[in-house]
């Protein structure tokens, strides 16, 4: 199963352009609403210098980065929760993702129309978030009614669900997103089957240009995002789309000329990885050095299953080397001599950067 981050926003804010930057692809881009009808899905490599450093020592035949999926979902509009603009279909597409990248237009351009003929990023964000809240309210209300009819069966379990859902409904009635409601891990687990939209981790993507107004709009967006504990990643999508079409030398020259030290593209991918709460472990050998993405808190048995179900079924133990130890000692033999080579069982909690060799028998 891939880890999916859904790209959402109003029509004409630059979602498909951003998707093309992320995937270096050719998703349809046009100056009219609902250019994207069916969601485009792109597999995006996660930049990680550690895999390059390991490869310089091991010299493998193949290098494979960890990846996450970005899903380009069509623009939402007012009334989406009631079916406006094919809203039900698009809200369903968001429900299928694990996290949200909310693209907000923070630039003026007379050649690109705004669906409501006014550029106010805060209002744009409120429109989208309001639709997500309304959709969650409807989901919550329907679920409560269904559960109340089943109270004679599994009474204890149903009452437990009703307590949490009533808490959620009261919060949504105040037009507040569920991510701002204090829920413990058990409560989140109880309602996880409903896949609430406003409970999904979110990052805001500020689509900017070189104009002064972009700085003002960006500051406003950052203030708003801070209140809900979300991050804001600025990117000039059109500029970076031009950059990825250049060869490496041209790209370096252009970035140096315009004093660009870091691409927004990489920041978005890394932030997506972070809000999905993923960590990386490595498998390393002459054939391949590979990075694997797993949820933080995963056990060695779950990591084994990520590679192949046979690894999980026949699991014996996991041989672990810390990434920094391998970089320091340069080989497995020297790591062992230094006493830094470990053998762990199936309940060991994987740490970010672990290099793992799984022993199994089927």
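Just so you know, glycine gets a Cβ as well, placed from its N, Cα and C.
Taken from Swiss-Prot, the feature domain 'OBG-type G' applies to 3-255.
Residues annotated as ATP binding site in Swiss-Prot, with sequence analysis given as evidence: 12, 13, 14, 15, 16, 17. For residue 17 (ATP binding site), the number of other Cβ atoms no farther than 10 Å from its own Cβ, over all displayed protein chains, is 19.
The Cβ of residue 16 (ATP binding site) has 24 other Cβ atoms within 10 Å, all protein chains considered. If you look up Swiss-Prot, you'll see 16, 36 marked as Mg(2+) binding site.
Swiss-Prot lists 277-360 with the feature domain 'TGS', giving sequence analysis as the kind of evidence.
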As a quick check of your reading of DSSP, tell me how many residues in the domain 'TGS' (277-360) are helical, how many are strand and how many are coil. 26 helix, 35 strand, 23 coil
Around residue 12 (ATP binding site), how many other CB atoms lie within 10 A of its CB? 21
DSSP output for residue 16 (ATP binding site) maps to helix
